[in-house]
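As given in TrEMBL:
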| type | residues | note |
| --- | --- | --- |
| DOMAIN | B:1-103 | domain 'NADH:ubiquinone oxidoreductase chain 4 N-terminal' |
| TRANSMEM | B:20-38 | transmembrane segment |
| TRANSMEM | B:50-73 | transmembrane segment |
| TRANSMEM | B:85-104 | transmembrane segment |
| DOMAIN | B:108-390 | domain 'NADH:quinone oxidoreductase/Mrp antiporter transmembrane' |
| TRANSMEM | B:110-131 | transmembrane segment |
| TRANSMEM | B:143-162 | transmembrane segment |
| TRANSMEM | B:182-204 | transmembrane segment |
| TRANSMEM | B:216-235 | transmembrane segment |
| TRANSMEM | B:247-266 | transmembrane segment |
| TRANSMEM | B:273-295 | transmembrane segment |
| TRANSMEM | B:301-322 | transmembrane segment |
| TRANSMEM | B:381-402 | transmembrane segment |
| TRANSMEM | B:414-434 | transmembrane segment |
Amino acid sequence: MSGYGFSETDCKIILKQIERRAKFRQEFLKLKSDPCKHSQEAGYVFDPAIQRFLSMKSCQVEYFKPCFRTARFAILTIIVPMCTLGVLIWNDRTEREQKIRRGELRYKDRLFKLA
Amino acid sequence: MMKFLFMMIFMIPLCFMKNMFWLVQMMLFFMMFLFMNLNLNIMCFFNMSYMSYCDIISFGLILLSIWICSLMIMASESLFKLNFYFNFFLFNVIFLLIMLYLTFSVLNLLLFYFFFEASLIPTLLLIIGWGYQPERIQAGMYLLFYTLFGSLPLLMGIIYIFNDLNTMTIYFLKFFNMNMYLLYISMIFAFLVKMPMYFVHLWLPKAHVEAPVSGSMILAGIMLKLGGYGLLRVMIFLQEVNLKLNYIWIIISLVGGLFISMKCFCQVDMKSLIAYSSVAHMSMVIGGIMVMNYWGFIGSYILMISHGLCSSGMFCLANINYERLHSRSLYINSGMMNFMPSMSLWWFLLLSSNMAAPPSLNLLGEISLINSLVSWSNISMILLMMISFFSAGYSLYLYSYIQHGKYFQGLYSFYVWFISWVFIIIFALISFKYDNFKGWFYFYLILNKK
C-alpha cells in the first residue's frame, strides 16, 4: 500500500481500522441474524451511541443552567418580539378605531363586518 | 342525559368481569350511536334538567369523549393480551369518561370545576400505572401541579361569583358583566394552562411522551379541549374586560405557537413532535376565542374537534410503530414504507389533516380562525402565515422521515399488522371525514341562519 502515496504508519492505521470495522460488522450481523431475538425482547440491535444520544436528548433540560447568556437570548428572541408585535398591533387597532370614530372610515368600507 | 350517566356507571361492574374487554368497548360504540341520535338543536340548549344540559358545544365534545375512550380501549389491546391489570384499566377509562361527560354537561360552575379537576386523577393513574419509562412519575407530577396551580384561582373566582351574583348556573351568567381584572385573570388562567398556552406548556410534552397510548389519546383528544370549553363558557360574562386584555393572550399564543412550530423540527421523538404540534394548534384556538368574534368561536370549536380526532390518530400510529420497534426515535423509525406500506397511507392521511390540507375539518377550522384573527388585526396575518407554513413543514418532515428512505439496518423482525389496528385507524378516519362533512354542512347552516 505504501506505493499508493501512503506512508507505512498510515498503512498500518488504515489496516487496523479495516480490521476493527470488519470485526464490528461481524458482531452486528451475528446479533441481527440471531434467530432467538425478536421484537418482543427489543426492536433493534442495541447501539451504545444511539442510546447515549437518546439519553442526552431526554435529559437535556436537567443540564440547563440559567446564566446571563441564556437570559439575554430568551429576552431578545421571545420577549422583545412579543412586545414589538404587541405595540404594532395596538397602534394598528387604535388607529383604525380612531378613524372609525372620526368618520374617516365609512361603514361600507370596513372589512370583516360580519366576522 | 341521565340515561347515559347510568349506562356508564353500570358499565363499571362489567369492567371487573372475565373476558368483558371487547364488550365494554362495543358498549361505548353503542352509547356513542345513541348519543348521536339525541334531538340536537344547534342554536339553543336542549335536554335541560336541574343539573345538566346540552348545547352544540357540549354535544360535540361529549361525542368526542365517548369516541376517543372507545378507541383508547381498542388501542390498548396489548394490555388485555398480556393480562396487565386490564380490569383496572377499563375502570379507569370508564371513570374518566364519566368525569368528562359530567364536565361537559353540568349547569353549575362549581360542579364544572369539580369534574374538571376530577378528570385529572384517572389521567394521572393512566400515566403512572401504564406508562413505559421511569420519567413518567415526573411527567405525572408536572401534569398534576401545573393544572392545580392554575385552577386554584379559578375556584376562588367561582366562589366570588357566587357571593356576588348568588348563582353559579352557567346559563344565567350571560346576563351579567363582571368587569374586574383580578377575577378575569383568575377565571381564565386555569384554562390557559390546560390548553396549553405558551409559557405554561411545559407539562404537555412530558405528559404526552411518558403516557401510554391511551393516555396520549385522551390527553390530546379531550383534556386539552377542556381548557377551550372552559374559555368558551366563561367568556360570556367577561367580555368587557377581555376586550381590553385579549392582546396579551393573543400575542403570547400566536408568537409562542410560531416558536413551538419551529421547535417541532428539532424533535427526534415522534410523540414529542406530535405533542408540540398540539401546542401550536391550540395556540390558534386560544387566539380565536380571545378575539371574541363569531368566526373565532366557530373556528376554535371546529379546530378543537378536528384536532382531537387527528392528534389521537397520530398517537395511535406512533404507538403502532413503538410496539414493533420499541423506540419512538425518528432514526430507528425511518423507512417504514419498506415494511408497512399500507400504514404509510394512514400516516399520510392523518398528517395531511394535521397540516390542514383540504378537505379535512382542520382546514375549515383554520380558515375560520385565520379570518377571525386577520379581522382583529392585519399584522397577525404574518404570524398565521408562518404558523401554517411550519405546520405543513413539520408534518411533512415527520411523514418523510418515518416513511421514506432507508430503514434502520439493526431492526429485528416483527409482526407487521394486526387486524384490530385496521379498525382503529379506519374508525378514527371515518369519524374524522364524517365530522368533516357534518362540519362543513353545519357551518353552512349556521352562516345562513345568521
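In case you wondered, yes, glycine gets a Cβ from its N, Cα and C as well.
Residues 4-5, 8-9, 11-12, 14-16, 20-21, 24, 28, 52, 57-58, 61-62, 65-66, 69, 72-73, 76, 79, 111-112, 115-116, 118-119, 122-123, 125-126, 129-130, 214, 218, 222, 226, 229 of the same chain, all 6+ positions outside the transmembrane segment (B:85-104), place their C-beta atoms under 8 angstroms from a C-beta of that stretch.
In the domain 'NADH:ubiquinone oxidoreductase chain 4 N-terminal' (B:1-103), the DSSP tally of helix, strand and coil residues is 72 helix, 3 strand, 28 coil. When Cβ distances are compared across the two stretches, the transmembrane segment (B:110-131) makes contact with the transmembrane segment (B:216-235), since 3 or more pairs at least 6 residues apart fall below 8 angstroms.
Note on the domain 'NADH:ubiquinone oxidoreductase chain 4 N-terminal' (B:1-103): mean pLDDT across this stretch is 89. Among the recorded stretches B:143-162, B:216-235, B:247-266, B:301-322, the one sharing the largest number of Cβ pairs closer than 8 Å with the transmembrane segment (B:182-204) is B:143-162. Tertiary proximity for the transmembrane segment (B:143-162) is limited to same-chain residues at least six positions away from its ends with a CB under 8 Å from its CB atoms, namely 109-110, 113, 116-117, 120, 123-124, 127, 168, 173, 178, 183, 185-187, 189-194, 196, 200, 202-203, 206-207. Ranked by number of Cβ pairs under 8 Å to the transmembrane segment (B:273-295), the listed stretches B:50-73, B:216-235, B:247-266, B:301-322 are led by B:247-266.
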